[in-house]
Amino acid sequence: MSVNELYTKYTRVWIPDPDEVWKAAEITKDYKEGDSILHLKLEDESPLEYAVVPPKTPLPFLRNPDILVGENDLTALSYLHEPAVLHNLRVRFIESNHIYTYCGIVLVAINPYEQLHIYGEEVIDAYSGRNMGDMDPHIFAVAEEAYKQMARDERNQSIIVSGESGAGKTVSAKYAMRYFATVGGSSNDTNVEEKVLASSPIMEAIGNAKTTRNDNSSRFGKYIQIGFSRQYRIIGANMRTYLLEKSRVVFQAEDERNYHIFYQLCASASLQEFSDFGLGSAEDFTYTSLGENIFIEGVDDAEDFKKTREAFTLLGIKDSSQSSIFKVVASILHLGNIEICSERDGDSCHISRDDLHLKHFCRLLGVEVQQMEHWLCHRKLVTASETYVKSMSMKQASNARDALAKHIYARMFDWIVEHINKSLQTSLKQHSFIGVLDIYGFETFEINSFEQFCINYANEKLQQQFNSHVFKLEQEEYMKELIPWTLIDFYDNQPCIDLIEAKLGILDLLDEECKVPKGTDQNWAQKLYKQHGSSAHFQKPRMSNTSFIIIHFADKVEYQCEGFLEKNRDTVYEEQINILKASEFQLVADLFRDKGDAPVSKSSRVNVRSAKSTPKAPNKDHRKTVGHQFRSSLHLLMDTLNATTPHYVRCIKPNDLKEAFSFDSRRAVQQLRACGVLETIRISAAGYPSRWTYPDFFSRYRVLMKKSDLALADKKVACKHLLETLIKEPDMFQFGKSKIFFRAGQVAYLEKLRADKFRAACIKIQKTVRGWLQRVRYRKIRKSALTLQRYGRGYLARRYAEYLRLTRAAIICQKQYRMVRERRAFLKMKRAVVTIQAYTRGMYTRRIFREFMLHHKAMIIQRHVRGWLQRKKFLRARNAAIIIQCAFRRVRAKRQLKQLKIEATSAAHLKKLNNGMENKIVQLQRKVDEQSKDYKQQNVQLATANASLGSEVNKLQKELEQMRSRTDDSNQVTSLQDELERLKAELQEAHAQRKVLEEEHSTEKLGLEQRVKELEEENTMLKREKEEMNQRILLHSKSTEEVETTRDNMLQSELDAEQRYQNLVKEYSRLEQRYDNLKEEMSLPKFHPGHIRNPSNQSSLESDSNYPSISTSEVGDTEDAIQQVEDMGIDKAAMDISLFMKLQKRVRELEQERKRLQTNLEKMEELSKRKSTDPKSPTTEMENADLAYNNLKRQELESENKKLKNDLNELRKTIAERATKNNSSNELQDGYNLLLSQLKAANEELDARKEEVLILRTQIVSNAQQLEKNGHIDCTVMPELNNSKEPIDKEEAMKAYQGLCESKKLLESQLQSQSRQHKDELEALHTQIELLKDDIEKKQEILNYTMSLSPEAQVEYSVQQEITRLTNDNLDLKELVEKLEKNEKKLKKQLRIYMKKVQELEALQAAAAQVSRARPELTRQVTVQRKEKDFQGMLEYSKDDEALLVKSLITDIRPSIVSATVPCLPAYILFMCIRHADYINDDQKVESLLTSTINSIKKVLKKNNDDFEMTSFWLANTSRLLHCLKQYSGDEAFMTQNTLKQNEHCLKNFDLAEYRQVLSDLSIQIYQQLIKVAEGLLQPMIVSAMLESESIPSLAAVKPTGYRNRSSSMDDDGSGPSSYTLDALIRQLGQFHSIMREHGLDPEIIGQVVRQLFHCINAFTLNNLLLRKDVCSWSTGMQLRYNTSQMEEWLRGNNLFQSKAASMLEPIIQAAQLLQVKKKTSQDAEAICSLCTALTTQQIVKILNLYTPLNEFEERVTVSFIRNIQSQLQERNDPQQLLVDTKHIFPVLFPYTPSALSLETLHIPASLSLDFINRV
């Protein structure tokens, strides 16, 4: 296309501008080739003559049509150049507030400096599973693309996030990792994704700092690999870091800060655990106050420190390690404050001994103060033969101090990264990974040093990889479409990379200069000038000899050579490092231990030291320079990236002022050039950047085609004809297999032709319409003028007459009005005066009253306050007293508890517990004696009572005789006789009571004696059995126990020895290092004659130990040692050598004591044997018994001693384990106490049994000795018997022998049974112990997990655990209840069976001739209609046929079988069967049938969980069965609409309300399954039918698409879902509706189903509309409004408009109207606000920002209009959520709808095969 055709009048162009980079202009005069001036007009209407000189100032760039401005993808622009890219980004960022834009394969992200609500869970769900071209650009889209390609291509992926400081790299990488954590959450409970996210606050704290460009700038690069399993779930992660900016530790520029961790620690210095750190405000420390601003606006360092500590805890870093880390950080701050004072000579310096910061530094790191003080001011020079110590100047010492601070921080940084990686590691095999690279972008400052050089070197490597990847993708696209491939020239930065890293390159020369002893930055610069002066990418500045210029791919950068060598060496004096290696703290020593130092193996325990000290070889790591290390790590990174599929995110910083949505074009262009976006554009523009599919091109440009081409069936041929006609140059386009490829500018040319065609058509239409409108207007005006003249004249005459009349009336009114006005004024003034007086008097009175009331209230307040203060003082004092009392009582209770524990473990207590059965027998004997004493006392009392009564009777008889002799009065005699009889009766009663007491006493005595005998016999038998059983068990288990015990002891001893050896090795290495340091110090005077050193006053080796030592007197005995082990902890006890040696000594003493006792025992046994064999030693029976008892007692004590030793070993192990578990839970302690109490009880019982066995053994021995004596007597008697020749009964002897054999067998069988029982009990106890251990471990895991959570999460987790426990308990109780109910049912069933058998027997006895009636066989007669009097609406079936009934009606039935019958027929049949069971009063039958029905329905639905027809069928039948149970329940509330016949059919015996509730719940479950199935079928159709299909033909217009719609994210195999139309969607809805109606589902339920489905349609449609720019246009609004009207019409046609389903479409209807209405004036804004009531403010603004015109005649929505909308909608309280919840389900309501069908008229079709049912 010629220049004359392009640069014509009204064409818009871009011209350079120094302020805005590029400025828009419009051509006012056609340009002809060869003209030197181009006439332009700027946007402010000012003219401009633009000089055109082809070599220097070529023709300006052409602007894209307005239709292409604001595109999602920059490659969709027709003119691809720098101003077009910059303008498109500015429009999207400023006007539409879109921060993401695609540029081919690159996602450009602009930092908004504002929190945006576009990263919620609903947005992640919206992007999950979608292709990149389908949705708006987003970081989630790139993450989803990487995740999808990893799963589809089985290839590792990488996301490369780059940009300069403050561009938002860290945030973008964080959101990408958050997406992976959400989509690919871990499959188990390890919560790896949470740990990956938790690493971010830690790395930000130790690696981020405030700079002038960014408040949270990452001062290092990191590459995070997120590992995935074969199921593509996160299983682990790994982090690599690059080039930490160590110089920031000791220096910060103005208005910058050090790393965040320093300020966080200072802000938390007031915490208790940091009280000994010596910290204060950050302003007090040199390293944190150099930037002169220690605060960041809106950042709380103390709160961030809490988050950092929580992240450490979540990643599994212990509190002790955290404390050590914070000590190191605090020591760095104190190191910076150490004051170095210069000496007078200026060549040496010193540090004050009273320097507080030096003491804090040494105390926090655990090093010697004097050593550190010395080596901070001196350095050691080592030669081949001698070693010199040289003093340093104050400047050198300060530099060495700063170098040491940087080195300490770098080592701590590496240690933290290493431990983070350890916590993120997994034992599972990694299938694939996605890497996220967050690395610094290209940097250029006024002063550029070594850090900027390394950063730009890394960006050169990344740019090279980026260029090659883009070039490769372009080549693949052309080859795929069979387009001829021509070599595209793209910028190759390999020469620049060679300049830096090749042999004799900049890095090599720098390393070489670092090796030179006196190398300087100036010498290195001269070498660079000499070596690379001729290089095209290297320049020497004119005005400087200590700097050089490198021409990078982005820009020229001048580097200052000063400091290059020092930073590359990263020199730290080895003497200072050696002091830190000898630190008392293990973590500090580990920080500085070289990676090559391996721990000493166990086999090499002997160290051989040479007599002569040799100088140490320098470490290889120290020889490696920083540049060499960075180059190696960079090569490794590039190898990793080249092995993955990269995805690029380029972050842009829009301005340097950190203002929200402010765009600085100069800064943006600088970054676009640096990050490679413009290079992508250039590569794309060099080929065919614009690409259209044939259908899209035909749809867009068919207005330019001829009628003959439009009629062609092959659209590809029609497109070819059109392009050959319009574009004469064949090289401007290419035809591919599925697309047309255009050169840059050709699409804009076609758009221009299309616009011209539309413009000509519009002009013709306007001409015709305007002429017709003018003619109509003229006729209307002429007719109106005549009418107006006629009416005007009449009006004027009437108005004059009215004027005269009104003038006279006005005069009269004025007179009256003036009079009234004056009178009213007087009255008003009078009332005002009176009112003022009244109010004034009242005011004074009220004021006096208020003062009085104030004084009164003050007195009341004072009284109450004083009373309250006194009460508060009293309560405080009382509470303090109570607390003191509680503390005192607690201390006293603890002392008592400790005393009781000591007494419990003493031997006296064990003796008390071993009283056993002997005490019981003694007690029983004592009780018998006491009762006998009571009996004797009662006899004595009875005898005395008898004697007293006898004497009294004699006395009375004497008185009676005296009375008889004195008087003859009959009355007195009678009375005396009565008295005598009464006394006799009392005497008889006393005798009777005495007899009763004697009998009771005798019986009780006999019973007790018998009981004692039984107990003694039982004891004898039990003791004998116990002894035999113990002997067998001991013999059997002794060997196995000894083997296991010896093996465990050997393993434990080896493990302890290994652990002690490792600890000793660590202690030895530390002490050896310290010894070397002290030795070097002592040797210093030898080489420094002028310096006299005082003798060392350091502590000895023993006092240097970090663990307390214990003397022999303090140990005392084994129990004290164990107690001390428990107090000190197992780790410290293992490290304490003295304690270990003393314990060994105590063990040896105990062993010697045991041997001594053993020898004494053997001597005693030999002595006893001699006495037993000596016939001359006469011993009595008691002495033999005592001796036997002592022997047995000694044996028992020996076995008991062994057991006590074993128990002591177990106790030691238990105490050690408890000492190591610092964070054991209360539940573990409770379980331990419970087991301990059980063990004590078992030991007590065992001791009692042992005592009994001893007593029994003693009795056996004494009996044996007695038998021996009897044997001797028998031997002496036998000769006499033989001599007497008396016959001996052999049969009795044989019987006695057989009896003994049988008793022996019986005892053996009893012993075997008891041994088996004992084994079973042991196994049960072992099993119980294992279960308890598992339970304790689970609870410990739960406790550890709970402690790692935040307090809120702990509460929530504990509540969840409690709910789970209660649920399990509830389920267990339910199972128990069900079992009891089943047992009850079984018993009832058996009772019924017995009752029926009794009835049958009675019937058989009553009528023996009657035969039981067999069940009649049913034929096809069930289909014949019967009379109502014959059929009562019930169906009878046998209990055995219940399974067949359920199978026929539920399991095997299909909806098509009963489609021609009554709807819900299975429900009616089931209810009629229930009626009959109720009629015969068979509750079991009713319960069984209902339970089987519900369970079978659930099984059928589970089997057909994706079948809408089956789900709808059973929803209808379940709800109908529920309605029948309600209708025929007999409840009056449900019987109002029943007929008389239906009321007669009500249930008589059972109330099935509980089953109604169960059926109601089942109906709700079926309804939810129905909704789920329906939504699953509709979801793929919604977006395509509602937004993409052309319901109105020729309305939609296609826009140019970008690279993303042709990327690898699209499925090329065509297996994806095809496009759906609105008719298909409506047909699907109609199918759902017809199925539900056919099954007889209630209309109300159908309406609720349709309402839920319409909500789903609205949600998916609106969400896609809010996330897609390509569908937010006027034509889409028209299509959408038409589609919604069709949906509403479908509702009306099916009588569903009243179901509230239409209201569900209100949001998308309003969204369609919003796309169609005018959007210009404030009136339009008001109309939109009143119109869009169903849309939130965010949704309205989002749609307006996304609105895109498809033609030039449409106008964009201005930013001011959107701001006006936002201001008017501020009063709304809309939720912050942008998208609609697609998972929301409305609550369902099942209204009661009784059936008008009579049960007696129901017919059962033969197809159901229900012949076994009888009609009743």
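Glycine is treated like the rest: Cβ placed from N, Cα and C.
Quick look at what TrEMBL lists:
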BINDING   G163, E164, S165, G166, A167, G168, K169, T170  ATP binding site
COMPBIAS  601-613  compositional bias 'Polar residues'
COMPBIAS  1094-1115  compositional bias 'Polar residues'
COMPBIAS  1159-1174  compositional bias 'Basic and acidic residues'
DOMAIN    69-755  domain 'Myosin motor'
DOMAIN    1491-1771  domain 'Dilute'
- request: Using the structure shown, find which entry in G163, G166, G168 (the binding-site residues) has the sparsest Cβ neighbourhood within 10 Å.
  value: G166
Task: Restricting to the same chain and to sequence separations of six or more, state which residues have a Cβ under 8 Å from that of A167 (ATP binding site).
output: A109, N111, G441, C651, I652, K653, Q671
Message: On average, what pLDDT score does this prediction assign to the domain 'Myosin motor' (69-755)?
response: 83
- line: So E164 (ATP binding site), by the Cβ count within 10 Å over all chains shown, scores 24
- prompt: Looking only at S165, T170, which of these binding-site residues has the biggest number of Cβ atoms within 10 Å around its Cβ?
  reply: T170
Message: Are there any residues at least 6 positions away along the chain from K169 (ATP binding site) with a Cβ closer than 8 Å to its Cβ? List them or say none.
response: V161, S162, G163, S218, D438, I439, Y440, G441, C651
Field: Cβ-centroid neighbourhood (8 Å) of the ATP site, G163, E164, S165, G166, A167, G168, K169, T170 excluded
entry: N111, N214, S217, S218, G441, C651, K653
